[in-house]
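Report on the following structure.
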Amino acid sequence: SPGGGQHYDYYGWQPESLPHGRFYGREPQCLDIPPDMQLCRDVGYKRMRLPNLLEHETMAEAKQQASSWVPLLAKQCHTDTQLFLCSLFAPVCLDRPVYPCRSLCEVVRDSCAPVMESYGFPWPEMLHCGKFPSDHELCIAVQFGNSKVTPPPVSKICTQCEMEHKADGMMEQMCSSDF
């Protein structure tokens, strides 16, 4: 409570990968979240901080990297998946970066990692939950609880057909990417 005599150190947690006392190599700026950044469409805010919390320095890089996570949203593995991913790819534009809480990372990971692994993708090291701040620090907490979303109905498409569709989607995405 304000005036309670307790001082809270909002700057106490620093991400492991970045030098102490500095969050970015270049000055952060606020930009509108582009309409074609599908991962963060309708995330609940309109402006994002760039460089983002994954150290993408250009909008093109952030959009390209975020696009590979759109299929995970479609799997509906956890209700907070978009919140977690967008807090990193398109962080809300505030005076200082606000990271997702470790618990948010853990509930999304615990629900979504098995889905990713079923398609041959392990949970990436860049999203290792131990590097995010604990819940008692300033961070983005779990919004929709610790429960998993009811999974969508199981597809009646054969595994080989899904793989062919997946390969087509990957080719389409690769060909449309700006390298």
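Each residue, glycine too, has its Cβ placed from N, Cα and C.
The helix, strand and coil residue counts that DSSP assigns across the domain 'FZ' (25-142) are 49 helix, 12 strand, 57 coil. Per TrEMBL, domain 'FZ' is recorded for 25-142.
Annotation comment: TrEMBL describes Cys40-Cys86 (among others) as disulfide bond.
The feature disulfide bond is assigned by TrEMBL to Cys105-Cys129 (among others). On its own chain, Cys129 (disulfide bond) has Arg102, Cys105, Glu106, Arg109 as residues at least 6 apart in sequence with a Cβ closer than 8 Å to its own Cβ.
For Cys105 (disulfide bond), the Cβ neighbour count at a 10 Å cut-off comes to 26, with all displayed protein chains included.
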